[in-house]
Amino acid sequence: MKYIVALDQGTTSSRAILFDESQNIIGVAQKEFTQIYPNEGWVEHDPMEIWSSQSGVLSEVIARAGISQHDIIALGITNQRETTIVWDKNTGKPVYNAIVWQCRRTAKICDELKEIEGFSDYVKDNTGLLVDAYFSGTKIKWILDNVEGARERAEKGELLFGTVDTWLIWKLTNGKIHATDYTNASRTMLYNIKELKWDEKILETLNIPKSMLPEVKDSSGTFGYANLGGKGGHRIPIAGVAGDQQSALFGQACFEEGESKNTYGTGCFLLMNTGEKFVKSNNGLITTIAIGLNGKVQYALEGSVFVGGASVQWLRDELKLISDSKDTEYFARKVKDSAGVYVVPAFVGLGAPYWDMYARGAILGLTRGANKNHIIRATLESIAYQTKDVLKAMEEDSGIKLNGLKVDGGAAANNFLMEFQADILGESVKRPTVLETTALGAAYLAGLAVGFWENKNEIKQKWVLDKEFTPNMPKEERDKKYAGWLKAVERTKKWEE
C-alpha cells in the first residue's frame, strides 16, 4: 500500500494525517505548541517550536501506523496563513519570533500607509486585499524596522522571509528550497495576483528587499524532497502546498465557478470559486487566489464571520444555558421556531459585509413567553444568517449564482444548524464524510502531482457525501425571517462610541 501524508500546521497545533488512495484516514498525530502574548493585541509563535512539533508528528504518524517511510509517496503541506517568519539564510536561525496572523501590532503602520494617496486602492486592485495588520506585508516591515541589524542584513541579501509553508519546506529540504505556492503568496499583501509576480511598487513603499522573498510555484507539483532519516534516508517529494482555507476549498472539490465552502469554526470562513475571473468586491470581501495549477490560477472571493461557533461557547461558558455545545441541537428542536427572537453575536463588531468595529451583541424581539430554548435556537440561527450575509455579497460582487454550499468544521456536525442553513439560503447544503477537508486538500494536491490520483475528475468522484440538506422553508417565510435578521443587525450597529 502507498500513502500520502498531509502536514496541517495550524494556529494552535501541528498535525500530520495519513491518507490512503480511497481517502480513508489511516492515522492522525497532533501536538499543541505555545502561544506567546508579549503585549496586548500581540501574538507570536516560536518558529523552532513550529518546526519541532510538525516534524515530531510526522515521525509519530508513520511509526504509529506501523508503515515504512518507503510507503509514503508524497507529502502535502497546508498552513495557517499570513503568519510571518524571517530567518538568516546561512544559519537558518529566525531573527525574531513568528508574527501570527491575529497579531495587531502593525495597525499603526497600516494607518500610515492608508494616508498615502491612492495606496489602499492600488493594494485592493492588485493584491485583492485590504491594507490591514492581518496580512504579512506590514509584519515583515515591522521586523526589519524593529529588530536590531535586520534591515542591514536584509539589504545585504542575508535574510529570508516565508509564510509557514515556506519555513517548513526550507526545514524539510535542509535549507535547499526557498519557495511558496500561489495561495500563500496571495496572502502577503505583496503579491500581484493579476500579473502573478511580486509587486515592485508595494515592496518599494514598504521598503522590503525583493531578495528576501520566496519563489512562487504551482500549488501542486514537486517543491523539493524531504529527507526523512538523515543522509541516505528516504527522499519524499513535497508535492502539494496551499493555505488552510484554500486547501479546504480544494478538499471539498470546489473546482468550478460558483462552488463554495463554509468552514464553521470559532468564526466562519467562506470561499467561493470565481474561476479565472479576478472579481473586485464592493462589499468588503477580499479577492484571493483559490489555487494555482499548471501555471494558471483560479480566483476566489473570501469573507469571514468573526463569531460562529464562539457564540455557542458563550451560551455554555457565560450564560450557562448548556453544559455541552452538542446539546444546542436538542434544545433548539424543543420549540417550533425562535418566536421572533434574534441573537446578533457582534461581540467584537461585525465582519463581512458590514465591517462595523463598533457594533455590539444583542438579543432582540424578546416577549414574556421567550425562554432559553428560543435563545439557544436563535443563537444557532445567527450562524446561518451571517453565512447568508456573506454569500449574498459574493453573488452580488461576482454576478455568479451560488451553486450549493459544501460545509466542514466543528459546527457542521449540528444537523439543526445545517437544516436551517439550507432553508435560509434556499440552496442545498452538502456535508462530506471526511470533515478533515483542509488536510485532504493538501493530500489531493500532492497526490495529483505524483500520479496517486489521476486528475480532478477522479477526486470529484472520490469525494463522498455524508448528508445533503435541502431547503423545505417556503420563500415567503424565508424572506420574512431574513428581513427580521437585517433589522436586528441594524439595531446593533455603531453601538460603541
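The backbone N, Cα and C atoms fix where each Cβ goes, and this holds for glycine too.
Of the residues G175, G404, G410, Swiss-Prot puts just one in the ATP site with T11, T12, S13, T266, G309, Q313: G410. Summary of the site annotation: Swiss-Prot records glycerol binding at R81, E82, D244, Q245. Screening the candidates Y37, Y134, Y191 against this entry identifies Y134 as the one listed for that site. The shortest Cα-Cα distance from T11 (ATP binding site) to any of the binding-site residues (E82, Y134, N414) is found for E82. Around the Cβ of T12 (ATP binding site), the same chain contributes E32, F33, Q35, each under 8 angstroms and 6 or more positions distant in sequence. D244 (sn-glycerol 3-phosphate binding site) sits 15 Å from G410 (ATP binding site), taking the CA atoms of both as reference points. Within the same chain, residues at least 6 positions away in sequence whose Cβ sits under 8 Å from that of E82 (sn-glycerol 3-phosphate binding site) are W101, Y134, F135, S136, K139, T163, R187, T188. Across the residues the record lists as binding ADP (T11, R15, T266, G309, G410, N414), the two Cα atoms farthest apart are 24 Å from each other. Q245 (glycerol binding site) sits 23 Å from Q313 (ATP binding site), counting Cα to Cα.
In terms of C-alpha distance, the listed binding-site residues S13, R81, T266, G309, Q313 place G309 closest to N414 (ADP binding site).
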